[in-house]
Structures are given as structure tokens and as C-alpha cells.
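**Student:** Okay, here's the structure, questions in a sec.
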């Protein structure tokens with residue numbers, strides 16, 4: 001085999017044990033490699049890195065969104081304004097609150113149901129269909145349906161409260177009712193995504209482990225508690241971080257269903273940026289808010305990345 | 001043998017998870033099945049409710065809001081919904097935008113992945129690190145500077161404004177990367193010896209062998225692109241140039257008495273992707289499982 005003349009499959013790309021200087025790239029390959037990577041890099045730099053830099057620059061000027069041009073230099077005053085603005089922190093808190101309300105539900109409920117479904121050997125397709133189908137529905141359609149079901153007095157969900165002898169909260173008029181409405185909608189809409197991630201992980205667990213446990217007389221509950229759940233821990237970590245990140249980025253449901261109301265009491269950060277940037281036309285200020293929010297999101301995912309690397313190397 | 005086939009299914013639980021003598025296990029599984037089935041049926045209620053409502057006349061809905069039956073099923077609401085909003089245009093726009101996004105994303109990301117896996121070029125690890133870092137970029141947070149950029153480029157209101165920002169998708173590169181890594185080096189080496197250029201190897205060997213990756217990336221990109229809301233809302237301001245989600249969102253909170261028409265619009269908005277989902281259920285679920293875990 002003369003395979004060494006060719007690049008090895010890049011299995012250990014990204015680790016430190018194979019510095020690039022040890023192998024000299026042939027000239028033709030060098031050019032071809034860059035040609036293959038260039039289209040991606042061009043899009044990546046233009047439309048992903050570009051906006052970060054543009055946001056950074058604009059946040060230092062008093063730019064307005066209605067006119068072209070940067071406007072006058074503002075230094076760090078936009079940041080000072082953002083960080084001392086009560087509305088900004090209120091909207092930040094709403095995004096965090098939404099995350100705190102949805103994450104436990106969307107990490108644990110799909111786990112429980114994925115485990116229960118895995119114990120049923122028939123009609124798996126039915127559960128996949130029922131749970132995952134909502135995920136492919138556009139947010140606006142979900143909101144149309146739920147807005148109808150939340151209608152005071154005539155809506156299906158409003159009436160469902162009555163069947164259990166409860167009174168439905170005011171879904172559009174009260175803050176707590178609005179949160180309930182938006183959390184329930186989100187649970188229905190995105191449950192299937194996490195359910196599928198868990199189901200895929202459960203299918204990786206070998207059948208023999210369960211057989212052995214049964215030989216030893218383990219009850220179903222013990223099998224779940226002592227085998228399935230511990231083996232799913234890495235997946236739970238993944239689902240947790242994906243859920244936290246996507247919940248922190250909430251916009252669609254709250255904007256379409258409630259418009260951030262009542263009285264801005266549920267408005268998330270993205271809508272705050274949207275309102276200041278596109279309704280009040282304060283581009284520079286909104287860009288500063290964007291950068292603060294951006295840094296928080298990057299820190300959250302970087303923290304998870306580092307934690308995971310540490311736990312991986314601890315296990316290795 | 002024939003008699004055992006005719007035995008009611010409840011008696012013949014499949015033997016997959018059945019241990020030696022665990023009656024408790026069987027009872028547990030039956031309880032789990034009941035509980036989960038109930039939950040799944042509840043999950044289908046919003047779909048059915050929208051469908052049922054869209055087929056009932058409005059006065060009947062107003063009189064008996066929670067009755068799931070009608071004495072007068074009809075399709076009037078659909079005709080009205082279709083005529084009162086430019087749904088046809090929204091379908092066309094969504095379809096063109098999603099299809100072009102898929103084509104560009106698959107092409108650009110698979111090219112990059114092929115380069116990273118099979119070619120050894122200077123700076124390769126820097127490129128890899130850059131793409132890896134891209135996984136952490138929250139692009140949804142960047143709509144404002146993105147908007148400024150597209151205004152400067154003069155592309156606001158065009159399909160391109162929606163398509164271009166979603167082409168460079170780091171996750172897609174990693175999906176292709178993990179598939180192309182599995183292609184034996186000897187295969188590529190043999191093609192090299194036969195005088196094939198890198199483009200030929202990419203298009204005739206690597207891509208055909210990465211078909212599962214192509215379908216996973218294509219399907220997921222299509223769904224994401226079809227359902228995108230915030231960015232199309234910002235850049236597509238003409239009613240006729242909007243996509244399905246943006247167009248539908250303008251109907252929320254509108255005329256409160258036209259229940260059937262609103263639900264008919266929702267059903268029409270759900271239909272295309274639900275059809276795709278029903279057709280490609282296995283691939284979609286597989287794709288989500290693969291990309292999510294990567």
C-alpha cells in the first residue's frame with residue numbers, strides 16, 4: 001500500500017497530535033484544497049463573520065436605520081446606554097425566564113416518553129409521527145391554531161380547563177396566562193425534536209445489557225433507572241445545551257402570538273433589538289444590544305464546549 | 001400454526017423485551033403503552049382541531065365552539081382563504097427560496113468537507129477551526145447588522161437576501177465530513193492513478209457515496225428554510241414577495257369571527273411540509289438524529 005502518499009482520512013483533525021508542519025502538502029493539492037474550501041469561506045466570511053464586524057462598528061456610532069451612512073462617532077456610549085437600560089434587562093430576563101420555564105420540561109418529558117416508547121415494540125412509527133410532526137410546521141401556523149384554541153370562552157383549551165373544574169387564565173390579558181400559553185405551545189411544537197434525539201440514543205444501547213439485567217431479576221423500573229438513564233447522560237447533556245441555546249433565542253412564538261404583550265411583559269431580547277432597531281430606528285443602540293446578547297450566547301456555548309472537553313478527557 | 005396467527009394480538013405480546021418470568025415487566029409495558037398512546041393522541045388534537053374547524057361553517061362554530069362534529073361539512077373556507085390572501089404567491093416564494101437554499105448549501109458545504117477530508121493543504125487546520133467555531137455563532141442574534149449589510153448591497157426585498165446568509169452552514173460541513181471520512185483512501189488513490197482530477201473524484205466518487213448525507217442535509221435545510229420567520233419578515237416587505245410563515249403571521253389576531261377561514265389558511269400552510277414529512281419520515285428522523293448528535 002502506498003496510501004501514505006495521500007492524505008489520511010482526517011480522523012484526528014482538530015487534535016494537537018498531528019501538527020500541519022509534519023507533512024508538506026504537494027503544490028497541486030494545496031491549490032485544489034483552497035479551491036474546494038473557497039466558496040464556503042467566501043459565504044462564511046461575507047454573511048457570518050461580516051455581520052459580527054458590522055455590528056461591532058455600528059455599535060460605536062449613532063447610526064440610524066432609516067438613512068445610509070454611519071452617523072456620528074459615539075464611542076462606548078451606546079453600550080453604557082444599553083447596560084443601564086431597564087427595558088433591555090427586562091427583555092433579557094424574559095428570554096431567561098422562558099428558558100427556565102421550557103428547558104426542564106423539554107429535557108425531561110421527551111426523555112420519559114422516549115424511554116416508555118422504546119419499551120413498546122409495535123407501532124413506533126405512530127409515536128414518531130404524532131410527536132415529531134409538529135416540528136415541521138411553521139411557527140405562524142402553530143400560532144394561528146393555538147391562538148384559536150386559546151380564545152376566551154370559546155377556545156378548546158379554555159374550555160378544557162372547565163372540564164377539570166378549573167378556570168382558564170387570561171391567555172392574552174395577563175402576564176402569567178401569556179407565559180402559560182407560550183410555554184404550552186412551545187412544548188407541543190418542539191417536543192418531537194428532543195424526543196427523536198433520545199430515541200436515537202436509546203437504539204444505540206445494546207439489547208444484551210437488558211437481557212443480562214433481566215436474568216438478574218431487575219424490574220423494568222430498575223432497568224430504566226440503572227441502565228437506560230445513566231447511559232443516556234451524554235445525550236441529556238447535548239439536549240440540555242441545544243435547548244438552552246434555542247430557548248434563549250426565542251422570538252417567533254412570543255412575537256406572533258402575543259407581540260411581546262401584554263404591555264411588553266413577555267418581550268424577549270430579539271424583539272427588543274427588533275423594536276429599537278426597526279421601529280425606533282436607533283441602529284447604533286440596537287447594534288450595541290445585539291453585541292451584548294451575542295457575547296452572552298457565545299459564552300454559554302463556549303462554557304458547554306469546555307465543560308464537555310474536560311469531562312471527555314476525564315473519562316478517557 | 002395457522003391458529004396461532006389468528007390468536008388476538010393482545011395475547012401474543014412480541015417477545016423482544018420479554019424476559020423469563022416477569023409478569024411485572026409485562027404489566028409495566030402495558031401501562032407504558034397506554035400512557036404513551038394517550039399522550040400521542042393528545043398531541044394530534046391541534047392538527048385535528050384545525051382541520052375540523054376549517055371544514056365547519058362559521059355560524060355553527062360560533063354556536064357550538066367545542067363540538068367536533070358538523071351537520072354541514074364544506075370546503076368554502078378554503079376557497080375564501082385562497083382568494084383573500086396571496087397564498088399562491090407565498091407558496092411559490094417559499095418553494096423557490098427553499099429549493100435554491102438547499103442546492104447552494106449542499107454544493108458549497110460538501111465541497112468544503114471534501115477539501116477538508118481528502119486534500120492536504122496549508123492552513124487546513126485553521127479553516128477547520130474556523131468552521132468549528134461557526135457552530136457556536138448565534139446567527140439569529142445578528143439580524144440587525146445583517147440587515148444593514150444587505151441594505152448596503154442593495155439586495156433587500158429579493159430572494160437572494162433570504163438565500164445567501166443561510167448557505168454557509170457549519171453543521172452541514174460536519175455531516176458531510178463524517179460521511180466522506182468513511183470513503184476508503186485506496187479508492188481515491190486508485191482514481192488518482194487513473195488520472196482523475198480532484199473535481200472528478202468529488203463529483204463521481206465522493207458525492208455518490210455520500211448520498212445519505214446529501215439527503216439529510218437537503219431535507220433539514222429545506223425544513224429550516226421553509227419555516228424561517230424573523231429574517232424573511234425583515235427583508236421581504238412586499239405582501240406578494242413574502243414566504244408562507246411571514247404571510248400567515250399577518251393573519252394571527254385578524255378578523256376574530258372568520259374561524260374557519262383562519263384555520264383553513266393554517267391547514268394550507270401546514271400541508272406542504274407535512275406531506276414531505278409523511279413521505280420521507282424515516283430519512284427526516286434519521287437526519288435529525290445524526291445532525292443533532294454530531
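Yeah, the Cβs are placed from backbone N, Cα and C, and that goes for glycine too.
Just so you know, TrEMBL annotations are computer predictions that nobody has curated.
According to TrEMBL, the region 'Disordered' annotation covers B:1-22. According to TrEMBL, the feature transmembrane segment maps to B:31-52, B:89-113, B:125-147, B:159-179, B:213-236, B:256-280. Per TrEMBL, domain 'ABC transmembrane type-1' is recorded for B:91-280.
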**Student:** When you check the transmembrane segment (B:125-147) against the transmembrane segment (B:256-280), do you get at least 3 Cβ pairs under 8 Å, counting only pairs 6 or more apart in sequence?
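**Tutor:** Between the transmembrane segment (B:256-280) and the transmembrane segment (B:125-147), which are separate recorded stretches, there is no contact, as judged by 3 or more close Cβ pairs.
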**Student:** Mind checking which residues reach the transmembrane segment (B:213-236)? Cβ under 8 Å, same chain, six or more beyond either end.
**Tutor:** 93-94, 97-99, 101-102, 105-106, 109-110, 140, 143, 146-147, 150, 156-157, 161-162, 165-166, 169, 172, 175-176, 178-180, 207, 242-246, 249, 272-273, 276, 280, 283-284, 286-288, 290-291
**Student:** Under 8 angstroms, Cβ to Cβ: which one of B:31-52, B:89-113, B:159-179 has the largest number of such pairs with the transmembrane segment (B:256-280)?
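**Tutor:** Against the transmembrane segment (B:256-280), the leading stretch is B:31-52.
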